[in-house]
Each structure stands twice: as C-alpha cells, then as structure tokens.
Amino acid sequence: MNKFLKEFKDRGFFYQCTGEENLSQLLDKEKIRAYIGFDCTAESLHVGSLLQIMCLRLLQKHGHQPIVLLGGGTTRIGDPSGKDKTRTILSEDEIEKNINNIEKILKNFLDDKDPETKPIFVNNYTWLKNLNYISFLRDVGKHFTINKMLSFDSVKIRLEREQSLSYMEFNYMILQAYDFLELNKKEKCMLQIGGSDQWGNIVNGVDLIKRYSNNHVYGLTTPLITLASGAKMGKTESGAVWLDKKFLSSYDYWQFWRNIDDRDVLKFLKIFTDINVDEIENIKDDNINELKILLANKATSMLHGEDEARKCQETAKQTFSENSLGDNLPTTQINKKMLDDNISILDLVILSKLESSKSEIRRLIKGNGIKINGQAISDEKFLITEDLFKSSLIKLSLGKKKHIKVELI
C-alpha cells in the first residue's frame, strides 16, 4: 500500500475511497494535487474542521500539494449535507470577511516554504460567478439524473422528514461536482478529500469528470469524529472550540485538549498531532495526565506556536497546582462604577460569560462549585466589593476546570 494511504489509515483518517487500489498505484508513481473544500458560513473554523486540516498536512508530509478550496460561491447557497433546515444566506461582505479570516487560520497549519507542496488557495466564486445557466444545464446538468440525486442522504433524509429542501440547495451537489471538474482542468487535481457526509457529492464529482473528459480521479473520505461522551467534535457545553484567538483564547484551546476524556487520548494523539504512530504506541501506557498535556501542547503548538503552548501549560500549573493567577488565564474586565450597582456573584458569573444560565449558577453555588480566589461562595446574593480585588484582580472559578481573571478597571 502507498505510504500516504497507509499513514492515512494508521492515524484513523480513513472511511471510504473510490478506486483505492488504483489511487495507491497513482500515489506511488507521482506526486499529485488533492483538494479539500471549506465552508465559509462563519468567520472562523472550529476543531470540527481539524481532521480535514490534518489531511492537508499529511499530504504535504508525503510530498503532495494540497489545494484549499474556499467556498465563496457555494456558501452563497449552503450545503444541505447534515442539515435539517435551510441555512441563513450571508451577505457578500460577510462571506468575503469569512474567506479572508479562514485563509489566515489555515496558513497557521500549513507549510509554504517548499514550492512543490505549498498550498494553493482557490475561491470557487471565481468560476461559479460567470456560469451561463443554459450552457451549464446542457454541458454539466445532462450528466446528472434526478433518480440518483434523490438517493443521496443529504436530500433523502430531508424529504423523508417532510422538511423543505429548496431548489437552490438541491443544486449544491452539482456545483460541488463542478468544482472538482474545474480543479481537474485548471490545476490537474486528482483527488478530493472530505468528511463522510460528503461521500455522495464527491462521487458525483468523480463520475462527472469521467463522463465529461474521460479522466480518472479519486475520492477519499474521513470518518465523523465524536468524543467518548458521544458529543460531536468541535462543540462543548460552553460552545464551539474555535480556531481563531478572537473567539477562543489559546489557554482555553489548550484546556480543551488537556480535559479530553481518558478514552480519547490515544486516538486523538494519532489524529490531531504529528507524533509518529509507532511512538504513540510506545508511550500508550504512560501516565494518562502526562499524555493529555502532551496532546494539549502539540495541538496548541500547531495553531498558536510552541511559545504560546508553553505559556498555556505554565498558566495551568500556576492556576491548578499553585492556586495563583496564571499569566495566560483568560481575562474579563469590569468597571469600578459597576460595583456601585451591587453586583452579586450571580451577576459576575454572567458578566464574565462563564455561564449564562442562572439556574445552573445557583446549582453550582449550592454545591460549592463557584469560588473567588479559591474560596467557595455559598450565597447567591454575595456582593462583589472592591476589597476582593488584589492588585485589581480576582480569580473566578466554576468547578475544577473553568477559571478566569476578572480585572477591575
């Protein structure tokens, strides 16, 4: 088996492949270009997209050149895959802003020093905006049958549930297939990689290229990654685990990995770090907390840099072991004048965005789960006063794992 495909499987990236044996032979013979598409409906990606990013890195490691497709055109429509309702359509300016920011995030992960493997960034709006509808139906639409389109899960599930599916969304799969055709023509792209929910769209592209130009290309999908708890990768009780520091601090990102369930640690070391698979096997019986710190450091270094990862580890040590205020601990600010309004502990927790549910805060208070400077607060009417702030700072804690600094300004 080809080395890229072997490592792809060994790391747990593999789900399905079209023409696997032929793809393996192709990868043995030559270096290829492969693409992964990214939705641009939000300003940032979250860790739910991280497996696809790791696929891009693995392509580079094995000497192949990744193409990053940013869906400036298809975002104007919305991918119905895995959705039970029509997405909100964004404005042109919002989409452009999202594209620029997502490209910056992806560049943190990818090496651009080697011209042979340097990522190629493309925006499918470049070719989709000028499509002539009549020509498109004649040249591309004729290769699709309604019978087959209705068989794909993204369509079938919505219809079975009697949920509306717009004609606009129904056409999404044709446009994604057309993206592959364009990249095959313009960039000699031979492979599309995507999540398992994209299988139907990817197969459409492979078939379209075969019918349109008689070229043989391939599709490769990754599994849906879930946490041991059964939750989707990318979401926590506190919200999405964003890859942009504007939305999630490097410390909170580090903590996400540090607090992974014990059952997920070895799997995630293989998927979300570059550590050699054999090395991971050799350390699998090491102390689980040391392995979690290793995972947190490697994952954070990849996105935010090694220095930032070290600072996060030191902050965690100061916060948990030394019960002090770590330098990298997330900080929220409140104005001194606000104290005149008799802010309670309940108000402070909400202002700090550690928790938004008053009933949940009350439950935590009853269980001694909320602390200021290490001291449990047992009264929900406890007032926040200036004398609590040492050097204008307090440490506010929810449970054992959520900590922030509150600065008085």
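Cβ atoms are placed via backbone N, Cα and C, with glycine included.
Mapped onto three states, the DSSP output places TYR35 (L-tyrosine binding site) in strand. Under a cutoff of 8 A between CB atoms, and with a sequence separation of 6+ in the same chain, the neighbours of TYR35 (L-tyrosine binding site) are PRO66, ILE67, VAL68, LEU69, VAL122, PHE180, LEU183, GLU187, CYS189, LEU191, GLN192, ILE193. Sequence annotations record features per position, and here Swiss-Prot assigns L-tyrosine binding site to TYR35, TYR172, GLN176 based on sequence analysis.
As annotated by Swiss-Prot, ATP binding site applies to LYS235, with the evidence given as sequence analysis.
Across the domain 'S4 RNA-binding' (343-409), DSSP classifies residues as 19 helix, 21 strand, 27 coil. Under the heading domain 'S4 RNA-binding', Swiss-Prot lists 343-409.
What Swiss-Prot records for 40-49 is motif ''HIGH' region'. Only residues 6 or more beyond the boundaries of the motif ''HIGH' region' (40-49), in the same chain, are considered here, and those with a CB under 8 A from a CB of the stretch are 70-72, 75, 78, 87, 90, 95, 97-99, 101-102, 105-106, 225, 232-235, 240-244, 246-247, 256.
The motif ''KMSKS' region' feature in Swiss-Prot is assigned to 232-236.
The 10 Å shell around the Cβ of GLN176 (L-tyrosine binding site) contains 26 further Cβ atoms across the protein chains shown. The residues of the motif ''HIGH' region' (40-49), classed with DSSP into helix (H, G, I), strand (E, B) and coil, number 3 helix, 1 strand, 6 coil.
In this structure, TYR172 (L-tyrosine binding site) is part of a helix by DSSP.
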